Amino acid sequence: MNPKMITENLEAIRKNSPLVHNITNYVVMNNTANALLAIGASPVMAHAQEEVKDMVGIASALVLNMGTLSKEWVESMIIAGLRANERKIPIVFDPVGAGATAYRNEIATRIINNCNPEIIRGNASEIMALVNQEMKTKGVDSVVSTKSALDSAKYLAQLHECIVVISGEVDYITDGNRVERVAFGNSMMEKVTGMGCTATALLGAFVATNDNLFEAAVNGMTVMGITGELASAKANGPGSMQMHFLDCLYKLSEVEIEQAFCTVE
Amino acid sequence: MNPKMITENLEAIRKNSPLVHNITNYVVMNNTANALLAIGASPVMAHAQEEVKDMVGIASALVLNMGTLSKEWVESMIIAGLRANERKIPIVFDPVGAGATAYRNEIATRIINNCNPEIIRGNASEIMALVNQEMKTKGVDSVVSTKSALDSAKYLAQLHECIVVISGEVDYITDGNRVERVAFGNSMMEKVTGMGCTATALLGAFVATNDNLFEAAVNGMTVMGITGELASAKANGPGSMQMHFLDCLYKLSEVEIEQAFCTVE
Amino acid sequence: MNPKMITENLEAIRKNSPLVHNITNYVVMNNTANALLAIGASPVMAHAQEEVKDMVGIASALVLNMGTLSKEWVESMIIAGLRANERKIPIVFDPVGAGATAYRNEIATRIINNCNPEIIRGNASEIMALVNQEMKTKGVDSVVSTKSALDSAKYLAQLHECIVVISGEVDYITDGNRVERVAFGNSMMEKVTGMGCTATALLGAFVATNDNLFEAAVNGMTVMGITGELASAKANGPGSMQMHFLDCLYKLSEVEIEQAFCTVE
């Protein structure tokens, strides 16, 4: 992980403006569409069973998010996921609220087993719930630290041959063997709805423009964290945080990325 | 109604971070999730019939809002409401647009009769339409003053043994006998979509942490109004109003609450 | 096109606060409701088949937007559209993403043929796709200039006896014979999701208060563009752009409109 590598991935997004197809939840659609636009990608939200195959057919990545799931949307996610597999475009899956209800656990398992996502991103409670379905989540918020979910993440990554991202105060990215730790970010991010979902959506843009998916995941979470730090330095609360996040993401420069790394070390 | 009582309720929300389950409308989901996060609660939005019972099972309050109602969502609201009754957790119901269409009147009546909400919050037109279904609403906006709806509110509160909140320039809270008047707020709040729905959602957090439901309703509407005043003092229009509202709610202090009371008297 | 004419239309919206009924997409509902409130109109979002006829029955304009279309919503749009025709209230249609999938092309054609919208507003790719269904769109973003779509727009306007608006860096408004060119706006508008949908929604308010639909369309696109310029002058990125857009729209004055015209000439 170094600033150069991250900047190159960011530049590739801005240059190629990849079409990222999102089947996501009602709460965050506006946020994630705006974050994808701010980073330079081209978002599209479409969920009708009649058209998701066609939409995946022109997309460079597929983002599936089960935040406000329902039966029909789940079927659309699976149709879209199978088409993404056919086209070999990457899928990023966000198991929002896994552990909160039996239905969420069932659907998360079904999506993972059917669609084989390249990346699964969740908070610690959600990742643990995917492995141990007795694990409880408080709605959509985590009740455990990311560190405590690391074993579950590794197990999940090995089982499904994918990359698992646990996001929180410290993020962990693992492919089952390697583990990368990203410690950027600010606690104000937890006070804005859909920040986790935004991370997932942005990962869609990173994997759409970087064949090294592990690197793309690390880059994406680093950009998310650094942007969160820059925005929180300007924010007076969660309302202005949301605004500054988009402004900072739009303007994020190589120098800012380098400076963030210097501050950490 | 005094600053101490309100601050204590607010502190209880911040300390306990109650899980508030919302089945609400598409327009305001992002706003109400953010407002609940800003005040310190933990929001979850979930509407699938397969999971609402489970979600209510871990929640501390249920918020039902019929802003963009449809058949399937109404069934989910009723399943969730019945489960909330079983668990004896409070329900706050927002009859958005009651009076605008016959279907809305029918559904509002059905939800009230089946779910027995502890609190009903609406604007004056909506509250009047719940009593007199000949009353017309202009879409989702009120066409009458809150004062004129007070008799309807009292009648409704007595009939359903619940608390009725009429919000507007002046808010009224009644349990059918007592009436409390809350005169905080600013007209800029009407220029931001979902401010009424936000009040309803926040009431969910207040009743989740205060067994005295009448007091909780008064506290909630007071916090809503004071936050609106603080935000409007900083705002240049409805866009910045929305942002400052969340920032001010996040930071709202006992001193600010006390000062707001002093200014009124 | 002159500042006086535009200001009068704007004043009519602020004075009459027309009820604009929107059946629109999940991504932008909050934005378009806020934009309609900021300009002085009264927005309502309602899509249930059981109530759309009643809601159209009290509305002054109907806005149909197929951004996140699905079978049930399309049926609602057609029921609402037929009722709007009966009542002779204007329909503004936004064929979001036409050209991206075969299903979108099919539905756009079906809505136009069944509902006879008074105004169709899209980006250049979308307008061209309505005429030549071989035309491809990149998700919801245009890949061609507005100028290149002008012939398609004229053809479409003549065929359906309606007004067609192509929005982009330069907007064109045509009734098939006349063509008006609106060159206000700023490129930052493309970085905010739903700006096109916001234009469509605002056109609903303009046609609701001006019987000269061509003039109303020109007025609406001009207000949209000038507001975009004013907002971008204050914005630091797409997040603050969205906020300033609502603030500037709320405050937009005759003097600002006049000044914008002076700057162009």
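Using N, Cα and C of the backbone, Cβ positions are placed for all residues, glycine too.
All TrEMBL annotations are machine predictions without curation.
Not measured: the values here are computed from a predicted model.
As recorded in TrEMBL:
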- B:M45, B:G194: substrate binding site (BINDING)
- B:R121, B:S167: ATP binding site (BINDING)
Between B:G194 (substrate binding site) and B:R121 (ATP binding site): CA-CA distance (Å): 13
List of the binding-site residues B:M45, B:R121, B:S167, B:G194 facing chain A, defined by a Cβ pair under 8 Å: B:M45
Chain C contacts among the binding-site residues B:M45, B:R121, B:S167, B:G194 (Cβ under 8 Å): B:G194
In the chain carrying B:M45 (substrate binding site), residues 6 or more apart in sequence that have Cβ under 8 angstroms from it: B:N22, B:I23, B:T24, B:M29, B:A33
DSSP-derived class (H/G/I helix, E/B strand, else coil) of B:M45 (substrate binding site): strand
Distance from B:G194 (substrate binding site) back to B:S167 (ATP binding site), taken between C-alpha atoms, in Å: 13
Chain-internal residues near B:G194 (substrate binding site), provided their CB is under 8 angstroms and they sit 6+ positions away: B:V27, B:V28, B:N31, B:T32
Number of Cβ atoms other than its own within 10 Å, given for B:R121 (ATP binding site): 31
